[in-house]
Amino acid sequence: MDFSTNDTIAAIATAPGRGGVGIVRVSGIKAAEIAEHVLGKCPKPRYAHYGPFLGAEGQVLDQGIALFFPNPHSFTGENVLELQGHGGPVILQWLLERVVQLGARLAEPGEFSKQAFLNDKLDLAQAEAIADLIDASSQQAARSALRSLQGDFSNQVNELVEQLIQLRIYVEAAIDFPEEEIDFLSDGKVAGQLQHILEQLHRVLASAQQGVLLREGMSVVILGRPNAGKSSLLNALSGRESAIVTDIAGTTRDIVKEEIQIDGMPLHVLDTAGLREATDAVEQIGIQRAWAAIEEADRILVMVQANEAIHPEDQAILEKMPSHIPVTLIHNKIDLIEKSPELSENDGETEIWLSAKHHLGLDLLKQHLKTEMGYAQTEEGVFMARKRHLEALETALHFVETGQQQLEHFAAGELLAEDLRQAQQALSEITGQFTSDDLLGRIFTSFCIGK
């Protein structure tokens, strides 16, 4: 998608629908000229101006507050005009058409934020944090996104990049001046700096992993034979009657999905049709969808009945589970055998004894899910991150570890310098210092219009 930096762009910046206030945002070289036509004059910079918004014939379209921010002291780094009027869809569309008539064009999704990025008002991680802040599903997620927007994540990445640059300079100097009597590569300084960078990378990666969990959450699929209590567990976790619960086997015939939170971590829980040899066509489709959902899961909860031995059909379900997706075995209905809630681990396999109907042992399950996803209930130092950030950090970590091995085993300065360059490039992709146009297009077009 072509985002021109020479155009003047405009969009309705408030959410669709009716509201007390609606905002039309304008950014670009013609913003001041548009203000003169719509307001009769260009407002004093950064002062609220109250007055009528005028149409082409001088008629009043609306009245409200106008704000003008001259470049470069604006969100986009360009001249920015905001017209804050009444929040009716007809009025806002009327006002937007007037602005377009005066030379602006309709903004693409995320174009205001992209202009801010192109004009160095924020980096790519901060721009993404704007969308994450808007989409935050919990207070923890909002606070983490705000930290990223304020530059916490970017500052740590930039610090790592600077350390890599300084180390590259030192290593390449040692390569370029081999006649020096001192072997700079073996004097311990390079090894010490490499270790320091590795430790810092691990810390940033751990915080980023928490940020990804806050943003994207965990997908959990509940499986089992009919009447194992899958729907009861979904209802217990969600705190409401999301799924129909009866004693009739096969009540759930399609996937029921609930979005819940555990201490701020989003959890996408899917209740599936009971797995069995079904003859009903509708139930067969539900079972097929259940198997499809399994492949997309982060974790699978296989439910069996605590008041009976593992059924051959239960064993068959367990044996069919994909090896790359972790499974937790849930023994439900402990109230029928008067057993206390329990979590046990055997050879890396987790089993939880609970009663979904009576909400016994739910705390064990919730803590287990948080632990398995590596989620820590702390906000200190956690910033919002995306999977692409994790991939970049993991790539940088790989190259620094490889460079460390080149130094320790081969004293290969040239190979170390190249690994450091690759690590630097991977980190620079996070903030946009080294980023393809295709990536920029994908990121900014995912934003809402008006941002």
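Along the chain as shown, the residues are counted starting at 1.
Yeah, the Cβs are placed from backbone N, Cα and C, and that goes for glycine too.
What you see is a predicted model, and the numbers here were worked out from it, not measured in a lab.
As given in Swiss-Prot:
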- Arg25, Glu82, Lys121, Lys451: (6S)-5-formyl-5,6,7,8-tetrahydrofolate binding site (BINDING)
- 217-374: domain 'TrmE-type G' (DOMAIN)
- 227-232, 246-252, 271-274: GTP binding site (BINDING)
- Asn227, Thr246, Ile248, Thr251: K(+) binding site (BINDING)
- Ser231, Thr252: Mg(2+) binding site (BINDING)
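All protein chains considered, the CB of Ser231 (Mg(2+) binding site) has 23 other CB atoms within 10 Å. DSSP classifies Lys121 ((6S)-5-formyl-5,6,7,8-tetrahydrofolate binding site) as coil under the three-state reduction. If you draw a 10 Å sphere around the CB of Lys230 (GTP binding site), it holds 32 other CB atoms from the protein chains shown. A helical conformation is recorded for Lys230 (GTP binding site) in the three-state DSSP classification.
Around the Cβ of Asn227 (GTP binding site), a 10 Å sphere holds 19 further Cβ atoms from the protein chains shown. Residue density at Glu82 ((6S)-5-formyl-5,6,7,8-tetrahydrofolate binding site): 21 other Cβ atoms are found within 10 A of its Cβ, drawing on all protein chains shown. According to DSSP, Glu82 ((6S)-5-formyl-5,6,7,8-tetrahydrofolate binding site) sits within a strand segment.
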